[in-house]
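Novice: One structure coming up, written as structure tokens, with questions to follow.
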Amino acid sequence: MNSNKPATTQAAHSARILDGNAASAAVIERVHDSIERHVAAGGRRPGLAVVLVGADPASQIYVRAKRRDCERAGIEARDFDLDASTSQETLLDLIQQLNDDPAIDGILVQLPLPAQIDEVAVTNSIDADKDVDGFHAFNVGRLALRQPGLRPCTPRGVMALLSFHGLEIRSKHAIVVGASNIVGRPMSLELLLAGATTTVTHRFTHDLEDHVRQADVVVCAVGKPGVVRPEWIQPGAIVVDVGINRMADGRITGDIDFEAASQRAAWISPVPGGVGPMTRAMLMLNTAEAAGLQVELPYHPHSTG
Ligand SMILES: Nc1nc(=O)c2c([nH]1)NC[C@@H]1CN(c3ccc(C(=O)N[C@@H](CCC(=O)O)C(=O)O)cc3)C=[N+]21
């Protein structure tokens, strides 16, 4: 990554990489092992319904990657590609069928949805026990109350990425930058449950710099580059970049200047190859768990006690 830089600079200051590709492959392998054992013993192969409404190019890329992950995990993917003009009623009817289908363990409706469809109505129409995205109000409530339930894939994936690299965050000061429904807010709950002292900043925060400067763990989920400046990062901090931004040349980059932040952080997640693959691995894990399987993880999860 820094191969065009002098080796001395690299050795003295470069952060270690939170390798999402390696961690994701290890998780998917364990999911696969668990499923193949289950199937060999006469069990039914877990099924995941992937519903895509419309042909948003980014969504198509993610959905294609999820289908590949299902093949690697041994999950049966059932694809439902609906026209962009699909009515809410038609989508709710499909979800009802999938809720009632015993061969389907997980239902994922790719977001964002077209404007004529109410995302909240759709999310809450999914059987909470098949809600492998963890977006249903029941599951968000269970997470907040520290009850067992399906958890949102990206925050769960961030915790798994930290665990996989042996990083303990209990009693550390964590900051979450961004407070969205699907990343920032559930991320703050995960960190809180793992015992981090957790600060959440968002669009109305005035003193972002001061908060970042005090953080041992920085999770950035803004969705645009440059909001968190690398010089604010405390030397030795753990930096997790959840942002995925597409540049003019089609390549993707995170929210944080990776090269500059690497000179200060002890650990940093790259984009691509950091949180993104973990989100997808957690989808496979959630689907196996929704099917009632126990998966032996390749790491010790953060204790939430
Ligand atoms: N119901 C629903 N659930 C989601 O989980 C969901 C969604 N809707 N809508 C869109 C976002 C986005 N998202 C990504 C997942 C993986 C990568 C990923 O694997 N990224 C690769 C690179 C992919 C590339 O090159 O484009 C990486 O970071 O290494 C990216 C984005 C899931 N989302």
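Here the Cβ of each residue, glycine as well, is placed from N, Cα and C on the backbone.
Unlike curated records, TrEMBL annotations are generated automatically.
Quick caveat, the model's predicted, so the values are computed rather than measured.
The feature NADP(+) binding site is assigned by TrEMBL to Gly178, Ala179, Ser180, Ile244. Per TrEMBL, the feature domain 'Tetrahydrofolate dehydrogenase/cyclohydrolase catalytic' maps to 18-133. Annotation source TrEMBL lists domain 'Tetrahydrofolate dehydrogenase/cyclohydrolase NAD(P)-binding' at 152-292.
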Novice: Could you tell me how many residues in the domain 'Tetrahydrofolate dehydrogenase/cyclohydrolase NAD(P)-binding' (152-292) are helical, how many are strand and how many are coil under DSSP?
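Specialist: Secondary-structure breakdown of the domain 'Tetrahydrofolate dehydrogenase/cyclohydrolase NAD(P)-binding' (152-292): 52 helix, 24 strand, 65 coil.
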Novice: Most Cβ neighbours within 10 Å: which of the binding-site residues Gly178, Ala179, Ser180, Ile244 is it?
Specialist: Gly178
Novice: Grab the NADP(+) binding residues from the record (Gly178, Ala179, Ser180, Ile244) and give me their largest CA-CA distance in Å.
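Specialist: Answer in Å: the longest Cα-Cα distance is 16.
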Novice: Using DSSP, break the domain 'Tetrahydrofolate dehydrogenase/cyclohydrolase catalytic' (18-133) down into helix, strand and coil residues and give each count.
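Specialist: Tallied per class, the domain 'Tetrahydrofolate dehydrogenase/cyclohydrolase catalytic' (18-133) gives 61 helix, 18 strand, 37 coil.
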